[in-house]
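S.K.: The region 'Disordered' annotation in Swiss-Prot covers 41-60. Swiss-Prot lists Arg48, Arg54 with the feature NADP(+) binding site, giving sequence analysis as the kind of evidence. The feature FMN binding site is assigned by Swiss-Prot to Arg125, Ser126, Ser127, Asn238, Ala239, Gly278, Lys293, Pro294, Thr295, Ser296, Ser297, Arg319, with sequence analysis given as support.
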Amino acid sequence: MSGNSIGQNFVVTTFGESHGVALGCIIDGCPPGLELTEADMQHDLDRRRPGTSRYTTARREPDEVRILSGVFEGKTTGTSIGLLIENTDQRSQDYSNIKDLFRPGHADYTYQQKYGMRDYRGGGRSSARETAMRVAAGAVAKKYLKQVHGIEIYGFMSQLGPICAETIDLDQIEQNAFFFPDASKLEALDEYMRELKKSGDSIGAKISVIATGVPVGLGEPVFDRLDADIAHALMGINAVKGVEIGDGFGVVTQKGSEGRDLMSPQGFESNHAGGVLGGISSGQPIIAHIALKPTSSISVPGQSMTAQGEMAEVVTKGRHDPCVGIRAVPIAEAMLAIVLMDHLLRHRAQNQDVRSHTPVLGMR
């Protein structure tokens with residue numbers, strides 16, 4: 001299997017399966033001298049890990065990361081950083097009854113057809129369990145971005161099913177299990193999820209992720225545009241079926257006079273483009289949104305077929321998230337951080353000495 005790495009200068013490679021011995025990743029290209037301990041990654045891993053809310057999977061994994069290499073006396077050495085998380089709460093027997101059954105909406109059928117075999121235990125490599133290592137690697141990138149360049153990244157759930165955030169209070173995001181920025185909707189979210197769990201069904205969500213302090217100039221047109229790489233990284237998250245940069249699909253109904261981000265010596269008047277113009281960062285906040293589908297691992301009976309081509313009823317048992325978006329916020333943050341880190345290093349390699357006489361614009 002190829003496709004396990006992302007990045008050119010800051011390269012993250014992950015390995016491991018949902019019910020395997022462990023998950024791991026290798027980070028190549030991290031600059032030397034960055035102070036780094038397991039605690040720097042553990043915070044984001046705890047935000048993502050299962051079993052922390054009654055509305056996420058009951059699988060209880062501590063997700064304690066270990067640094068295997070690339071750090072000496074508390075600082076990165078510039079060599080490959082090896083990270084490992086052991087799997088400790090697998091219940092593979094939950095999947096024995098579906099080992100020859102394709103779960104609709106999952107990668108079971110496509111993995112079987114592509115590779116001629118598959119690890120049916122929790123989805124194997126296709127499981128979102130793998131994203132724990134992306135979060136760990138993203139935490140390294142986030143620390144460097146903030147400490148060296150003043151770039152901060154944060155995400156939140158902007159919609160769960162029919163419930164949308166109408167106000168954005170950043171102080172609220174970490175104060176509730178939904179990473180929801182609108183406190184007035186928390187009771188409605190709680191009630192909605194209670195009824196959803198009773199029905200045995202699942203629901204989709206929309207996650208927003210923002211990076212502030214990004215300098216002008218990141219992005220390598222034409223085929224390595226910054227927004228293209230961001231979309232690629234975010235689309236690679238399990239269950240993501242749509243990505244928007246800036247106003248996204250909202251531009252369809254905009255007129256040119258409405259959607260352009262007017263400029264003056266005092267700064268930009270708006271940010272419809274989401275911080276990227278012509279594939280290059282404009283210095284405004286990078287704004288992206290992702291749409292996550294409802295998981296197909298539900299207890300509502302459905303029709304499927306076996307590996308032998310026979311019709312069968314499927315009822316997925318096991319421990320699953322009724323809304324995968326609840327744990328997706330730190331994953332989206334991590335993927336945006338990895339892309340920005342990679343492009344910062346690429347920009348430094350080629351354009352570090354470039355000086356423009358045009359003043360740098362901010363927001364009015």
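Every residue, even glycine, has its Cβ placed from backbone N, Cα and C.
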S.K.: Can you check which residues sit near Ser127 (FMN binding site), meaning Cβ under 8 Å from its Cβ, same chain, 6 or more apart in sequence, and list them in order?
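M.R.: Looking at Cβ-Cβ distances below 8 Å from Ser127 (FMN binding site), excluding near sequence neighbours, one finds Glu17, Ser18, Asn238.
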S.K.: In whole Å, how far is Lys293 (FMN binding site) from Arg48 (NADP(+) binding site) when you measure between their Cα atoms?
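M.R.: The Cα atom of Arg48 (NADP(+) binding site) is 18 Å away from the Cα atom of Lys293 (FMN binding site).
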S.K.: When you tally the Cβ atoms that lie within 10 Å of each candidate's Cβ, which of the binding-site residues (Arg48, Arg125, Lys293) has the highest tally?
M.R.: Arg48
S.K.: Does DSSP give Ala239 (FMN binding site) helix, strand or coil?
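M.R.: Once the DSSP labels are grouped into three classes, Ala239 (FMN binding site) ends up as coil.
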S.K.: Where does Ser297 (FMN binding site) sit in DSSP terms: helix, strand, or coil?
M.R.: coil
